[in-house]
Amino acid sequence: MIEAVMNYTFMQHALFSGLIIGFVAPLIGVFLVVRRMSLIADALSHITLSGVAAGLLLAQSVPFFQNVSPVYTGMVFSVGGAFMVDRLRQAYKFYQELAIPIILSAGIGLGVVLISLANGFNVDLFGYLFGSLLSVTEEDLWRVIIASLIVIAIVWIFYKELLYLSFDEEGARISGVPRNLINVIFSVLVALVISISMQVVGILLVSALITLPVAAALQVANSFRQTFVYAIIFGEVSVLSGLMIAYTFDLASGGTIVLVAVLLLVCVLAGKRLRNSLN
Amino acid sequence: MNDIILDVQHVSYRYGNKHVLEDVSLQLHQGEMLGLVGPNGSGKSTLLKIILGALPMQKGNVSWFGKPLNKFGDWPRIGYVSQKANSFNTGFPATVFEVVMMGLTSKIGLFRRPGKREKERVREAIAIVGMGEFENRNIGRLSGGQQQRVFIARALVSDPDVLILDEPTVGVDAQSEAQFYELLKQLNEERRISIVLVSHDLGAVSTKMHSIACLNRKLHFHGRAEEFERMRPEILLGSYGHDVHVLHHDH
């Protein structure tokens, strides 16, 4: 694969965008998982699907949208979905998880209708559903880089607020942390990460890359900081080795990456169990 | 008087048609240790939420340090240890240091990250509660009493003038409880921190606090702890509805 990366720009694009996503998806995932909101990634990825479908439909019917990547319409839908999740969580204070199936089914429903309007499934759509890392263009790569830099910068700036809200939302609010503002910012970050990750692993697998490395990290980390370090390491290892295996054996890259992440998680669980039984 | 830290005036509150608080007035003075007692469902938590600005004011007035609640913004002066601290997500991946640092979040302010000085203060607060050797221990791997000390350190780190503790001795063993009251006394005497302790455990509270406020929808008693002890049977008959048999803990 190293040779291919040296020789082909499409492999370079694939590798770089994969490694960047392998960094930001677990970064956001840590906060989602400890806030018990990991399923929100699923809900938002399905809303992103309807956004992509809307983009494909618009590209067919409105000349202006012919040159606009459906990733952007996906992004807009994803951010909108994030706000709706927030609203629904406030409306159903005692059934906060209800927001997830509502948004998820709305996303799928709208997506399917829009897809049928756009004359059914085509190759593009298949790529968004299951990832098409090898078809990442230079423009795609730049989009991934810019969005990721924004995500990393905002997490860096609001790290202490995000941590406090994740640990003890009531305490944080009483001590004067602007909860609503931070939650809105965070929702936008999640939506951003999902829309840029979908090219790597696909809409159906985005939440895997957000949650699996974190699930493994939680087993071994002692501090919050360590959780990030481990989650990002697991994320990068999954992307890198998944991509290598997929290239070597000509497999679907998104699925392979996710399977490696699952395998890593199983190894961590088994290793921990072994260590506990030895002690 | 300017040594009044918290002034609650004629506060009433109802959920729908259910009156939870009726015309409650009480004061907390500088250096005072106040025990807020009452049976379950007596409105203690509601009153706490109101004075902390977590519930809207329906009737009455609350002021902190002479400022009405809606104009008050200096929340780092108030350290709050919630009841939830006893039942937080024990799987949360954070160390004692990281948890105590959270207490500085709003004092540091948005767009700033903690520096050397803040880290020093966190270590100080951890040392005050006697948890120095556990600084890098995961919070889930501490006992209930130790976790509670960590949450007190988190409330102390912003250097507050007053500590509010909601049912702090729930789920804590007798020895830790004794140490806990010792710590409160020390904070009160050495650092002049005023304390509001909310509890349904009358026995310990009436012997350890300076003054008592006994709540059951209305305020049934508000005054010196000794006086509360003396008048206890009548007060309890009025507030708890029956004479409560109280166990005294002497350690």
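Glycine residues also receive a Cβ, built from the backbone N, Cα and C atoms like all the rest.
Keep in mind that TrEMBL annotations are predicted by a computer and have not been checked by a curator.
Only residues 6 or more beyond the boundaries of the transmembrane segment (A:14-34), in the same chain, are considered here, and those with a CB under 8 A from a CB of the stretch are 5, 40-41, 133-134, 136, 140-141, 144-145, 148, 151-152, 155, 162, 166-167, 186, 189-190, 193, 196-197, 199-201, 206, 209-211, 213-215, 217-218, 224, 227-228, 231-232, 234-236, 238-240, 243, 253, 257. The transmembrane segment annotation in TrEMBL covers A:14-34 (among others).
Same-chain residues lying 6+ beyond the ends of the transmembrane segment (A:46-65) with a Cβ under 8 Å from its Cβ atoms: 71-78, 80-81, 103-104, 106-108, 110-111, 114-115, 117-119, 122, 124-125, 128-129, 191, 194-195, 198, 203, 206. Taken from TrEMBL, the feature transmembrane segment covers A:46-65 (among others).
Annotation source TrEMBL lists transmembrane segment at A:71-88 (among others). Packing against the transmembrane segment (A:71-88) from elsewhere in the chain are residues 40, 43-45, 47-52, 54-55, 58, 98-100, 102-103, 107, 128, 140, 143, 183-184, 187-188, 190-192, 194-196, 198-199: each is 6 or more residues past its ends and has a CB under 8 Å from a CB in it.
The annotation transmembrane segment is assigned in TrEMBL to A:100-121 (among others).
For A:141-159 (among others), the entry in TrEMBL reads transmembrane segment. Within the chain, the transmembrane segment (A:141-159) has long-range Cβ neighbours (under 8 A, six or more residues past its boundaries) at 13, 16-17, 20-21, 23-24, 27-28, 69, 71, 182, 185-186, 189, 192-193, 195-196, 199.
Per TrEMBL, the feature transmembrane segment maps to A:180-197 (among others).
Annotation comment: TrEMBL describes A:203-221 (among others) as transmembrane segment.
Residues or ranges marked as transmembrane segment by TrEMBL: A:228-247 (among others).
Taken from TrEMBL, the feature transmembrane segment applies to A:253-271 (among others).
If you look at the transmembrane segment (A:100-121), the same-chain residues 6 or more away from its ends with a CB under 8 A from one of its CBs are 39-40, 42-50, 52-54, 56-57, 60, 77, 81, 84-85, 88. Through the fold, the transmembrane segment (A:253-271) approaches residues 14, 18, 130-134, 200-202, 205, 208-209, 212-213, 215-216, 219-220, 234-235, 237-239, 241-243, 245-247 of its own chain, all at least 6 residues removed from its boundaries and within a Cβ separation under 8 Å.
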